[in-house]
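Student: Handing you this structure, nothing more for now.
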Amino acid sequence: MRYPIWAFFFVLVMPPFAVHALLAGKARIAPDSAIMASYEAPQDVYFSRVTTSR
Amino acid sequence: MSSFSSPAPDGLLDRHYVSVDSAPAKLTRPLSPWSAPAVLVIFVLVAGLMLLAVDAHPVLAAAFPQGDLVFSPYSGSHSIPLRIFILSFYIAFAAVVGTRKRDRTRFLVELIASYVLICGLFDLINILAFHAIGLVYSLHVVEILSGLIGFFVFSLKLLDHGSMPGRVTVPRPVHRRRFAWTRLGLAVAGAIAVSVMVDRLGLPLVGDLRQVALLGGTGPGVFLFLPVLFLILYVWGTLTAVLRPRRAFAPPVSIIIPAHNEAHVIRRTLTAVDAAARDYDGRVKVLVLNNNSTDDTAEIARAVLARLSLIQGRVVNVPTPGKAVALNRGVEEVDTDYMIRIDADTQILPHTLARAMRHFADPQTGIVGGVPIPPGDGPFDRARLIEVLLKHGYYQIAYGAIDAIVGVPGMFAAYRTDAVRAAGGFVQGMNGEDTDVSLRIGEMGYRVIGDPQVHYVSEVPASFHHLREQRLRWFRSVYHVSARNRTYLDDWRPSLRGKAILPFMLLNSARRAMTVPLFLFSLLYYVIGPSGAAPLTLQAVLAVLVGAPALMGAFAVLVNGRPRALLGLPEYVLFRVLRSYLTLESVLSIAFAPRRNR
């Protein structure tokens with residue numbers, strides 16, 4: 001079995017990008033329970049089944 | 001640059017630069033000048049339709065309120081819809097590439113399936129992370145990562161479907177290079193820390209730069225990461241070079257010069273070698289490899305060599321056309337422990353030999369390269385100067401800090417002769433024989449050095465046609481070299497070049513091929529995108545096209561101590577756009593063939 005070349009993205013690109021985004025405020029950790037309880041996304045968080053008017 | 005063509009018939013346009021290496025048989029196809037424009041037209045039509053559909057169709061508009069095909073949670077409401085961009089480009093490219101409809105269809109299906117699969121996996125990870133820890137990315141980040149996936153998938157599928165050199169066995173390592181991954185990890189951590197810190201400072205300058213699109217709308221944190229990473233590595237590489245103990249070392253060296261119909265320049269080239277030998281303590285031998293010339297190259301070279309006093313030289317006839325054929329004949333003839341290859345139109349400077357050869361005092365040094373300086377009197381020379389200062393005077397030093405230099409250009413490269421022989425010599429019948437041999441020598445564990453103090457003068461194409469011929473070769477070479485040395489990419493050894501640098505180069509090549517379409521996409525989005533959102537998109541794209549390259553170019557010029565080169569910055573920015581267009585043409589020139597052993 002060969003090493004999958006596309007693993008480059010998941011091994012070397014995504015993790016540092018995620019850390020960077022978190023530290024730079026381009027990603028955040030929101031309390032999931034609150035979101036699910038209210039069935040509404042936080043103010044500026046979209047979810048695939050949440051629709052908004054444009 | 002040495003060439004291997006037949007002389008142009010009288011009265012026809014001189015295409016002396018066209019050679020058997022311009023379009024390697026079986027690996028390339030004849031490229032119409034209308035192929036790339038056709039891709040762009042189809043792209044605009046497809047992208048326009050997809051944007052309108054996602055914006056206007058009630059179901060799609062409701063499912064994708066942000067205007068792109070994103071399925072995972074995100075924060076923010078708008079960004080450039082890069083997934084639509086990537087899919088539109090795939091469709092347009094696949095409509096034009098290759099010659100058989102069946103190949104095109106299969107290529108397109110695999111491209112889209114792979115992209116959907118990896119983006120789907122990415123979205124799935126984000127959905128799971130959202131449920132597990134509440135992780136939510138900004139939509140900008142989702143889009144940027146989607147773009148990177150799109151670039152990477154494109155290059156991988158091109159490697160799979162294009163006609164590529166077959167995979168070959170890679171030579172066994174003879175030295176161990178340690179801590180390269182550790183050094184890269186530390187530099188990445190440092191780059192994240194610095195770019196985040198700058199972002200949090202909220203400097204007025206950053207805001208001002210954003211306004212003039214130098215940093216775009218994606219925020220300095222994201223934009224600063226790569227420049228800071230390379231700055232850290234550059235400083236690291238420079239410090240390492242300064243602190244490395246040096247001792248005089250001037251062993252006997254052979255210079256091999258492949259030449260085909262170079263009567264107009266060979267005298268100047270040999271005289272420059274003789275002048276450099278004056279400043280070099282070791283013996284200098286020269287082999288002019290007369291490769292099927294129909295002019296007076298051999299006679300002139302013999303006459304000049306007989307007259308010059310400091311170098312010993314001879315002319316070797318190599319009747320089979322092909323630069324690599326000539327080079328391999330030179331490798332056979334060399335009887336010194338070190339050799340240098342130069343092009344027949346490369347003029348080395350008095351210091352070049354001495355500065356390059358001193359690195360071989362370290363028994364682990366395998367190759368040394370330098371910075372090719374343009375003569376300065378051609379239409380592309382000012383832009384090319386900034387390009388080489390950035391690539392060879394800056395990025396190459398940064399890669400050197402982590403022992404990850406992949407290619408040393410054949411215009412001037414000094415080698416340990418045994419290493420060249422162990423690497424299998426120079427590959428024939430594909431583009432990038434210089435990158436191929438340096439990659440293999442580097443992966444054998446030898447140190448590959450790019451010394452910004454080693455200068456030489458190298459020709460720059462003086463016409464668009466010559467530039468196009470050159471760049472089509474150069475930009476194909478990353479695919480040819482990756483295919484031939486695919487083992488470095490997909491074996492389980494933790495090769496930094498194979499697992500990080502070559503994939504990055506493949507990703508970057510695709511990014512360059514998609515730069516002109518991206519600019520068109522931003523204009524399209526400006527016209528038909530959601531109202532109020534388009535200026536941000538245009539600003540970000542302008543930052544990618546103009547601002548960031550200009551800043552990096554200016555920085556490289558200054559750290560290399562050539563402030564006058566700054567005058568060429570506007571030309572450099574335009575040159576980069578032209579270069580991007582030629583990259584698109586280059587990938588379109590790749591032939592498609594039935595699958596072989598890969």
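Any Cβ shown, glycine's included, is placed from N, Cα and C.
Since the structure is predicted, the reported quantities are computational estimates derived from the model, not experimental observations.
Straight out of TrEMBL:
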- B:254-420: domain 'Glycosyltransferase 2-like' (DOMAIN)
- B:38-60: transmembrane segment (TRANSMEM)
- B:80-99: transmembrane segment (TRANSMEM)
- B:111-133: transmembrane segment (TRANSMEM)
- B:139-159: transmembrane segment (TRANSMEM)
- B:180-198: transmembrane segment (TRANSMEM)
- B:218-237: transmembrane segment (TRANSMEM)
- B:509-528: transmembrane segment (TRANSMEM)
- B:540-561: transmembrane segment (TRANSMEM)
Student: Compare B:38-60, B:80-99, B:180-198, B:509-528, B:540-561 by their Cβ pairs under 8 Å to the transmembrane segment (B:111-133) and return the stretch that comes out on top.
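Tutor: Looking only at B:38-60, B:80-99, B:180-198, B:509-528, B:540-561, the most contacts with the transmembrane segment (B:111-133) come from B:80-99.
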Student: Taking the transmembrane segment (B:540-561) as the reference, which of B:38-60, B:80-99, B:139-159, B:509-528 gives the largest number of Cβ pairs under 8 angstroms?
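Tutor: Result: B:509-528.
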Student: Counting only pairs at least 6 apart in sequence, do the transmembrane segment (B:38-60) and the transmembrane segment (B:139-159) share 3+ Cβ pairs under 8 Å?
Tutor: no
Student: Who are the long-range neighbours of the transmembrane segment (B:139-159) in its own chain, taking Cβ under 8 Å and residues 6 or more past its ends?
Tutor: 66, 68, 70, 72, 74-83, 85-86, 89-90, 93, 107, 110-111, 114-115, 118-119, 122, 126, 217-219, 222, 479, 482-483, 486, 503, 506-511, 513-514, 587, 590, 598
